[in-house]
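Peer 1: Okay, handing you the structure first.
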Amino acid sequence: MRVRKRKGAEKHLANNPHYVILNPEDAKGRWHDVFGNDRPIHIEVGSGKGGFITGMALKNPDINYIGIDIQLSVLSYALDKVLASEVPNVKLLRVDGSSLTNYFEDGEVDMMYLNFSDPWPKTKHEKRRLTYKDFLDTYKRILPEHGEIHFKTDNRGLFEYSLASFSQYGMTLRQIWLDLHASNYEGNVMTEYEEKFSNKGQVIYRVEANF
């Protein structure tokens with residue numbers, strides 16, 4: 001998700017250290033201390049404007065959520081949603097998805113969400129896709145044994161690529177939805193992007209996979 005640069009975004013994040021962890025490397029291995037409890041930790045890589053992570057936190061107060069995005073302006077909009085919702089079980093990080101092992105110990109994260117990641121359609125950009133094998137190496141380290149990834153996209157090419165990447169990595173594809181919104185799946189929390197494009201008739205794909 002690309003958004004216009006937001007004036008004051010950096011200051012906005014800096015002024016809310018309760019929600020925005022400015023030095024996440026210091027939290028490595030002690031995220032339960034950061035949250036002040038021993039509840040499960042779920043992360044969303046590429047959290048966009050925060051609709052999903054906030055919605056999940058409201059729905060599941062017994063789970064700790066961490067929204068991760070590298071874009072400063074985007075993360076500032078996510079912070080707006082977190083502040084408006086007053087959810088106590090959300091933290092936000094401005095870091096790159098390829099560097100997660102710098103901020104989480106092995107097995108410290110209980111579940112991961114990848115929602116509407118950049119498809120990087122050109123073959124020469126394959127290594128930038130968040131479901132490329134090098135990213136899977138990183139995810140496997142920070143997740144527990146048989147850790148889960150829940151992946152959603154509206155891009156058929158990226159979905160097919162990701163299914164193949166998961167399978168080739170040796171992951172188990174537990175459930176697959178080829179048209180999520182036409183299915184009987186309950187409990188879906190939509191991102192802003194998902195809501196916008198599904199209303200235009202765009203098909204949404206989803207898979208749950210574990211290592």
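Every residue, even glycine, has its Cβ placed from backbone N, Cα and C.
The annotation active site is assigned in Swiss-Prot to ASP118. Look at Swiss-Prot and you will find GLU44, ASP69, ASP96, ASP118 tagged as S-adenosyl-L-methionine binding site. The substrate binding site feature in Swiss-Prot is assigned to LYS122, ASP154, THR191, GLU192, TYR193, GLU194; the stated evidence is sequence analysis. Here Swiss-Prot flags 124-129 as region 'Interaction with RNA'.
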Peer 1: Work out how many Å separate ASP96 (S-adenosyl-L-methionine binding site) and the residue listed as 'active site' at their Cα atoms, rounded off.
Peer 2: 13
Peer 1: Express the distance between the Cα positions of GLU194 (substrate binding site) and ASP69 (S-adenosyl-L-methionine binding site) as a whole number of Å.
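Peer 2: Their Cα atoms are separated by 17 Å.
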Peer 1: Let me know the model's mean pLDDT on the region 'Interaction with RNA' (124-129).
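Peer 2: Mean pLDDT for the region 'Interaction with RNA' (124-129): 97.
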Peer 1: Taking the Cβ of GLU44 (S-adenosyl-L-methionine binding site) as reference, which residues of that chain separated by at least 6 in sequence fall under 8 Å from it?
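Peer 2: Looking at Cβ-Cβ distances below 8 Å from GLU44 (S-adenosyl-L-methionine binding site), excluding near sequence neighbours, one finds PHE52, ILE53, MET56, TYR65, ILE66, GLY67, ILE68, MET112, TYR113, LEU114, ASN115.
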Peer 1: Sort out for me which one of ASP69, ASP96, ASP118, ASP154, GLU192 has the most neighbouring CB atoms within 10 A, since those are the recorded positions we care about.
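Peer 2: Max Cβ neighbours within 10 Å, all protein chains included: ASP69.
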Peer 1: Can you count helix, strand and coil residues in the region 'Interaction with RNA' (124-129) using DSSP?
Peer 2: 5 helix, 0 strand, 1 coil
Peer 1: Neighbours of the S-adenosyl-L-methionine site GLU44, ASP69, ASP96, ASP118: Cβ within 8 Å of the Cβ centroid, same chain, sequence order.
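Peer 2: Filtered neighbour residues, in order: VAL45, GLY46, SER47, GLY48, ILE68, ILE70, GLN71, GLY97, SER117, LEU130.
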Peer 1: Using only the residues recorded as binding S-adenosyl-L-methionine (GLU44, ASP69, ASP96, ASP118), report the maximum Cα-Cα distance in Å, whole number please.
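Peer 2: Of all Cα pairs among the recorded S-adenosyl-L-methionine binders, the widest measures 14 Å.
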Peer 1: Rounded to whole angstrom, what's the largest C-alpha distance between any two of LYS122, ASP154, THR191, GLU192, TYR193, GLU194, listed as binding substrate?
Peer 2: 25
Peer 1: DSSP three-state call for GLU44 (S-adenosyl-L-methionine binding site): helix, strand or coil?
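Peer 2: Strand, per DSSP.
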Peer 1: For the C-alpha pair, I'd like the distance in angstrom between LYS122 (substrate binding site) and ASP69 (S-adenosyl-L-methionine binding site), rounded off.
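Peer 2: Each residue's Cα considered, LYS122 (substrate binding site) and ASP69 (S-adenosyl-L-methionine binding site) end up 22 Å apart.
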